[in-house]
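Student: Supplied in structure tokens, the structure appears directly below.
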Amino acid sequence: MSDNDSLQQIAHLRREYTKGGLRRHDLTDTPLPLFERWLAQACEAKLADPTAMVVATVDENGQPYQRIVLLKHFDEKGLVFYTNLGSRKAHHIEHNPRVSLHFPWHMLERQVMVQGTAERLSTLEVLKYFHSRPKDSQIGAWVSKQSSRISARGVLESKFLELKTEVPAGRSAAAEFLGRLPRQHQPNGVLAGGRTSSARPLPLPA
């Protein structure tokens with residue numbers, strides 16, 4: 001059997017989904033408590049990256065794009081993720097702030113979809129998160145220009161090492177570099193997703 005023949009067999013790949021059923025009595029008055037319960041169960045089950053979620057945006061031509069980011073916080077206002085304002089998704093959201101989030105918890109046979117409008121976090125919220133990151137992670141965020149092409153990986157590595165030597169031990173990379181950046185790259189250039197969502201967790205199959 002050729003490789004092409006093997007690929008054609010994917011139509012027959014299936015199984016029964018019986019773990020993650022959702023019953024009416026499981027539903028909460030608002031979706032947040034149920035989402036919190038399911039997320040806790042995903043973490044307890046030792047799933048790889050339980051906070052990973054797909055973020056879907058649409059460009060100015062109506063072309064949808066998807067990528068995976070990490071959920072960093074959630075409350076009654078919505079779900080929070082971070083991105084650079086120079087990224088493709090940030091440009092999409094600036095043009096059309098309506099986004100969709102998706103948590104694919106395959107091992108639990110559950111998925112959650114969230115629809116809402118993205119809005120920026122306050123500078124205080126952004127700085128609090130940024131200062132919580134390890135120094136190398138902070139520097140990496142400054143070095144990497146999301147969604148842009150580079151000539152070689154070595155360019156990023158060299159710039160990372162250069163900036164790392166400029167940050168004294170015990171100092172935050174944010175404190176060293178914030179003042180140097182042009183206005184459009186100040187820390188309020190970070191977005192939160194789905195802040196006004198009224199979505200409800202959905203069981204598999206959708």
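These residue numbers are counts, starting from 1, taken along the chain as shown.
Using the three backbone atoms N, Cα and C, a Cβ is placed for every residue, glycine included.
Annotations for this protein, taken from TrEMBL, read as follows:
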| type | residues | note |
| --- | --- | --- |
| BINDING | Arg67, Ile68, Val69, Leu70, Leu71, Lys72, Tyr82, Thr83, Arg88, Lys89, Gln111, Gln146, Ser147 | FMN binding site |
| DOMAIN | 40-163 | domain 'Pyridoxamine 5'-phosphate oxidase N-terminal' |
| REGION | 184-206 | region 'Disordered' |
Student: According to DSSP, which kind of secondary structure is Leu71 (FMN binding site) found in, if we only use helix, strand and coil?
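Tutor: Where Leu71 (FMN binding site) sits, the three-state DSSP reduction gives coil.
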Student: On the three-state reduction of DSSP, what should I expect for Arg88 (FMN binding site)?
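Tutor: Reduced to three states, the DSSP call for Arg88 (FMN binding site) is helix.
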Student: Run through the Cβ atoms and count how many others sit within 10 Å of the one on Gln111 (FMN binding site).
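Tutor: For Gln111 (FMN binding site), the count of other Cβ atoms within 10 Å is 19.
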Student: Identify, in sequence order, the residues in the chain of Val69 (FMN binding site) that are 6 or more apart from it along the sequence and have a CB within less than 8 Å of its CB; answer 'none' if there are none.
Tutor: Ala52, Met53, Val55, Phe81, Tyr82, Thr83
Student: Tell me, how many other CB atoms lie within 10 A of the CB of Arg67 (FMN binding site), whichever protein chain they belong to?
Tutor: 15
Student: Just counting, how many other CB atoms are there within 10 A of the CB of Leu71 (FMN binding site)?
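Tutor: Within a 10 Å radius of the Cβ of Leu71 (FMN binding site) lie 20 other Cβ atoms.
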Student: Through the lens of DSSP with three states only, how would you label Tyr82 (FMN binding site)?
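Tutor: DSSP assigns Tyr82 (FMN binding site) to coil.
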